[in-house]
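Record features, source Swiss-Prot:
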type	residues	note
ACT_SITE	C116	active site, proton donor
BINDING	K22, N23	phosphoenolpyruvate binding site
BINDING	R92, D304, I326	UDP-N-acetyl-alpha-D-glucosamine binding site
MOD_RES	C116	2-(S-cysteinyl)pyruvic acid O-phosphothioketal
Amino acid sequence: MDKLIIKGGKKLTGDVSVSGSKNAALPVFISTILAPGLNEIRNVPFLRDINTTIKVLESLGAVVEGNGNIVKIDTTHVNDVEATYDLVKTMRASVLVLGPLLARHGRARVSLPGGCAIGARPINLHLKGLAALGADIRLEHGYVEAKAKKLKGARINFDIATVGGTEQLMMAAALAKGETILENAAREPEIIDLADILNRMGARIDGAGTDTIRIIGVKELAPVVHDVMPDRIEAGTFMVAAAITGGDIKIHNMKLEHLDALVFKLQDAGVEIINRDNVVRVKGPRRPRAINIKTRPYPGFPTDMQAQFMALMCVADGASVISENIFENRFMHVSELLRFGADITIEGNTATVKGVKKLSGAPVMATDLRASASLILAGLAADNTTEISRIYHLDRGYDSIEKKLAGLGADIKRVKE
């Protein structure tokens with residue numbers, strides 16, 4: 001098992017390029033089930049979750065070949081309709097194969113999902129939506145079993161905005177008979193990216209990126225070439241890395257408009273952000289100001305940046321209040337940040353962070369994907385040496401982050417435990 005060793009206290013400088021988005025790539029890969037033939041996906045990040053998705057697709061009959069950041073997926077012979085527990089248990093997004101398999105073959109059997117242990121993230125909204133499209137849904141021995149002779153369009157109003165549920169039903173409705181309206185749909189940029197590939201396959205989807213999405217079903221979809229959007233959470237993590245080290249970096253291949261809420265809060269904290277010719281320059285202050293945040297669905301402050309922003313607030317001037325409104329149990333990084341000398345108290349879904357002048361390096365343990373990033377950020381800012389174990393979480397969502405940070409001047413290396 002690997003661990004990271006960080007010698008902190010170095011200001012980050014230089015240029016870094018953002019990889020393709022994990023959260024966009026996973027549904028994009030799965031959407032190829034709907035378009036039998038050879039699909040080519042470009043700007044693909046090297047991640048454990050990508051490898052898991054490839055294994056799921058191969059288990060269903062797809063032939064997948066990778067060459068650098070380009071992955072070719074031939075879904076001509078996707079004839080198996082079962083995604084087993086062994087594959088699905090490690091990654092929640094695997095459940096997204098349910099809708100495409102149902103739309104293409106009229107049946108699917110998919111294990112209930114796994115992934116990061118950050119609270120109960122039920123798929124009931126996925127199942128409720130598929131049932132509204134005419135599917136017969138049953139839960140049997142930890143599996144979702146779904147059948148439908150032909151999915152039919154429907155008006156579906158989500159109880160809460162759900163990214164996975166919106167993606168699931170967009171894909172299923174693409175081949176349904178008639179019109180489907182998704183109300184209170186998720187608005188994330190990754191939804192737009194999925195709609196983009198589906199529309200180029202021949203789907204008829206309008207309104208992606210708004211809370212109302214209209215899908216007119218078509219008889220068939222055709223394979224395409226698609227470039228995955230840049231990873232906004234990776235970009236945001238680098239922005240905080242510059243801020244927490246008082247650094248000065250330039251970030252390439254990112255879309256700043258995807259991070260408006262984060263940019264606003266960073267600027268409030270005293271971080272200078274300049275966007276010129278699609279290159280974003282981030283200059284950290286001597287010491288950030290304490291700022292309150294509340295996580296919200298997009299376009300609000302992203303829950304996937306909460307842990308990283310908390311690390312920044314650990315060294316801020318003053319006290320900040322951080323409210324987590326998306327997921328329960330998403331403060332698992334707090335106990336590890338305390339090992340650095342941070343001053344954090346939790347009450348319910350709210351953390352109060354009193355900034356300290358300096359953190360001290362410590363042995364810590366990653367608990368989930370974004371918590372891993374927060375510990376790296378704390379280690380970059382801390383005096384002395386930090387060791388982070390269980391970094392396999394990190395490999396689920398960050399492509400070579402330690403190499404990219406080293407390229408910015410960080411003293412960070414991966415070693416075997």
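Even glycines carry a Cβ here, placed using N, Cα and C.
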Residues R92, D304, I326 binding UDP-N-acetyl-alpha-D-glucosamine per the record - widest CA separation, whole Å: 16
Local backbone state of R92 (UDP-N-acetyl-alpha-D-glucosamine binding site), from DSSP in three classes: helix
Rounded inter-Cα distance in Å - I326 (UDP-N-acetyl-alpha-D-glucosamine binding site), N23 (phosphoenolpyruvate binding site): 16
Cβ neighbour count within 10 Å of N23 (phosphoenolpyruvate binding site): 24
Distance, D304 (UDP-N-acetyl-alpha-D-glucosamine binding site) to N23 (phosphoenolpyruvate binding site) (CA atoms, angstrom): 11
D304 (UDP-N-acetyl-alpha-D-glucosamine binding site): secondary structure state under DSSP, collapsed to three categories: helix
Same-chain residues at least 6 apart in sequence whose Cβ lies under 8 Å from K22 (phosphoenolpyruvate binding site): P45, L47, D49, I50, D231, I233, R396, G397
CB contacts for R92 (UDP-N-acetyl-alpha-D-glucosamine binding site) [other CB atoms within 10 A, all chains]: 19
Neighbouring C-beta atoms (10 Å sphere around the C-beta of I326 (UDP-N-acetyl-alpha-D-glucosamine binding site)): 21
